[in-house]
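Below is one structure; the comments refer to it alone.
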Amino acid sequence: YSKFSNAELDYLSKLLNETGTPLLLTAYKVTLDDVKAEESHCKLGMAQCLNKKCIPISKVCDGHDDCGDNSDEPKSCGVNECETTDHKCHHICIDTLIGYKCKCFSGYRFNNKTLLCEDINECEENEIQCASRKCFNTEGSFECDCGEPRQLSPLYPCKYKNDEKPKILYATHKDIRIANVSFYNQHVQQTSVIHEPFKAAVALDYNLRSNYLLWSDVTLKKIYIGPIDKSVSSKFSNDYHSVFVGENIGTVDGLAIDWVHDLVYWTDYSSGTLEVAAVKNAFTRTILISELDRPRAISLYLEESLMFWTQWGFIPRIEVSSQDGSDRRTIASRGLIWPNGLALDEKEKRLYWVDGKDGDVYSCYFDGSNRQRVIDMDAISGVHYQPFAIDYFDYTIYWSDRNQRSIYSKYRLNKNEFRTDQNIFQGGEIFAAKIVHSTKQPLTTNRCKSNKCSHLCLPHNEFCYVCICPTNYHLTDHGFSCVRNKTTVKDNTDPWTLNTEFAVASQPSQRICDKPVVKDTKTARKEFKMEHKEL
């Protein structure tokens, strides 16, 4: 291939991609015009040599001259051009035995003249219809005017208010990435690395309106904070990432952000704890629940101040409690093996989770009733799956799989039926995955807006909050102020240098409740902007 120009290489890659039988080429014996005129006459499963001899594909690059002209053993054998800068693919590079193939994202068409992937205007294509609704072409996709409220359809995407497009935020071992999500659900498009490098980034969550995200690194044993978009202001972060918690931390496999009260919750698999801290001050950190049995995923339902989490232990289970750790109860345990990621459908009040052992996706109501297996991966193929994270958005389930190194999606056609799963991204070991969109983080009443807590305020239900103290502190009698426990350690000692192995957060002496106030969306947004005016 070294004798061809980059443009010619792209053409050859496209030709190899379109023909059912690969052509074996050596640059010193063939010209581009010869290749354009070449037509393979070999059967499926066979490769055509330069001398037009047909050999089994298994004979290509096996170290033997099976063609007789050595065209099946070029220097490019064993070279993955897709992992280097040698390829010139515009969108997707697919490595082959000899050379590579280029492919466009769905919603794009290959231009034979420019050798680039160009956007398809679906609104002008005969086969695309918005069911008599207005069609809007977008880069790599299209949208339909579905009215208000939006009437979603599995056949076409509906236009969002303010033209906000959903994105997917995901963690590989070495970095945090964000990408557009296409309606076609065939490939994640225009991927951007927003934070790197890391050893093993695993759990993450974000606050979109305040422009920050937090994530864990289970090798470095730290939790980091950084902006989602480095070009705009972030409430609690600068233009780069920094350590949020770096001491006395084990394996943080689950992490969830309360975007109304700016709290971060996480599970520590090693210490068996569920912890919480205010994002503005990591030293408010406290162990909310201890002696858990290998806790993993965690998710929050802010409207009712609920907290869900999974455990892998002797009796695998999914539990729920209030955000202050009270009213704890088990909602699912029968048949669970490795309950991994958690996702919420807040409209239907359903909980979704993946099981890392059997590879399936399950669902139940928030109270544990109406449990069902919604995706049976064994019925789809004989491949072994090990799903890790899951999210839910606009009737679509998204989940990551460690074994397949992929992100999948599945559209919910109705209560009991899902569209066939599709691989929307592949490459690298993928852990956490979150859909990013403002509708994923609706505004609710800030229970802690007028709190009198000296350290940490946690919502208890829709109208009440409690004051919580950091580990090694306790509440005074009036229930608002925290004082340090009596100890022989010097006053200037960081409380987290003490033994916190079985520490439990101080139980609140009282719950402070405001009278319920019914607010419309505009009022809630106005209050949010006033509370976050520094942005």
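Even glycines carry a Cβ here, placed using N, Cα and C.
Take the candidates C42, C67, C77; TrEMBL pairs C54 in a disulfide bond with C42. Per TrEMBL, the residue from C67, C77 that shares a disulphide bond with C49 is C67. Here the repeat 'LDL-receptor class B' (305-348) has, by DSSP, the following mix of helix, strand and coil residues: 0 helix, 23 strand, 21 coil. C54 (disulfide bond) carries a strand DSSP state (E or B). In terms of DSSP secondary structure, the domain 'EGF-like' (78-118) contains 3 helix, 15 strand, 23 coil. Between C54 (disulfide bond) and C67 (disulfide bond), the C-alpha separation comes to 8 Å. The disulfide-bonded residues examined here are C42, C49, C54, C67; by Cβ neighbour count within 10 Å, the least packed of them is C54. Model confidence over the repeat 'LDL-receptor class B' (262-304) is summarised by a mean pLDDT of 95.
Note: the CA-CA distance between C49 (disulfide bond) and C42 (disulfide bond) rounds to 10 Å.
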